[in-house]
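The structure appears below as structure tokens.
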Amino acid sequence: MGVESIVTPSLIQTFANLDASRYTCGAAMTAMFYDYFLTFSEEVKCVWEDRRLSIPRLMFFWNRYFVWPWIILSNYRASLPSSTLIQCLSGQFRHCKPSWATFGQDRQFCQFVVPAVAVVQGISMVIGIQLFAMRVLALYRNDIKIKRLVYCWLVACHIPLIIIAILEIKEITPTLFYLAFTHTCYAVPSKFIKYGYVPAIIAEGGLLALQTFHHVRNRRHRQFISMPLVDTLYRDGYIWFCAAIGIRLFAVLVFAFADPSLWHVANQMDFPLSSALASRFYLQLKSAIQPELEAISDFPTTSPHFSSPRAQGTFATTGSQFQTEHSESIPTSMPLQELRKIRAPR
């Protein structure tokens, strides 16, 4: 393969935007790591002190730790070590030419890294939606019909997302190649990538509608009592929509109107920032429920809900953990309606 066959207008434009792309993607990744250090003490308190595993906790670990190496690989598109890059950095610019002798080997590495990053990012997007859905399921935990509706809604949105990801990987993999003089992987942009965020936006929009309906209905019927736990369920849902959906909408606009050389920027801004948001809101929910459990445990045992020693033992066993099937946000021993009637002692 000659150099002329790969130097296309799109590739030239990519070179022109290469530094800006790297700085922007690096800034988003830096924000993710900075948020990690800000919330690490909260993570130790709310997650590591209780070593029991659950599905929501595993999803948290995925977004918190497993995505790190893939975000780094995706940001820098690193491939096999190249002496050409070292020569360029050392000032020997006459050697800054593509090293086509190792093209086949480097191309194989690119064909592994880029599709793998796409798979990890797709799974992270699904997990982020699931973490957001847990808050809605917690609000409707006693409404079987709504819960089934949420499950069907998520499945209906996840299936197109998976199909789009498969089509995208299938289209870009044959066009992947390694550019030794920029030390990056390059591929012809896929036409399917611009549709990848649409199912996620639709899924989260439907969840937001259910949360808003629940909030408005409770206020209309004067059933809403302000509690830190319930306030967290509402507040985090609204913040997630404004932040995460805003990032996804920005990515969609870039895919629709910007030059294809900037698509990677939008994609890599969404990946680390959405992962950080999902992890942060999980920790906020965990930290909000602990004061509720402490307040409940301070109530007299003459209450009809706590008069039975057996009931107290059941709450002591299950109240300190979260529901693993649907949510980790509500104590499993008491329904949400009962929690609303309880006020913390002053």
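Just so you know, the numbers here start at 1 and follow the chain as drawn.
Every residue, even glycine, has its Cβ placed from backbone N, Cα and C.
Bear in mind that TrEMBL entries carry predicted annotations, made automatically and left uncurated.
For 23-67, the entry in TrEMBL reads domain 'DUF6533'. Mean pLDDT, taken over the domain 'DUF6533' (23-67), works out to 88 on the 0 to 100 scale.
Annotation comment: TrEMBL describes 112-137 (among others) as transmembrane segment.
Positions annotated as transmembrane segment by TrEMBL: 149-169 (among others).
Annotation source TrEMBL lists transmembrane segment at 196-216 (among others). Listed as Cβ neighbours of the transmembrane segment (196-216) (distance under 8 Å, sequence separation of 6 or more from its ends, same chain) are residues 122, 125, 128-129, 132-133, 135-136, 139-140, 146, 150, 153-154, 157-158, 160-161, 164-165, 168, 224, 233-234, 237-238, 240-241, 244-245, 248-249, 251-252, 255, 270.
Same-chain residues lying 6 or more positions outside the transmembrane segment (237-258) and placing a CB less than 8 Å from one of its CB atoms are 128, 132, 135-136, 193-194, 197-198, 200-201, 204-205, 207-208, 211, 265-267, 269-270, 273-274, 277-278, 281. Sequence annotations record features per position, and here TrEMBL assigns transmembrane segment to 237-258 (among others).
As annotated by TrEMBL, compositional bias 'Polar residues' applies to 303-335.
Feature annotation from TrEMBL assigns region 'Disordered' to 303-346.
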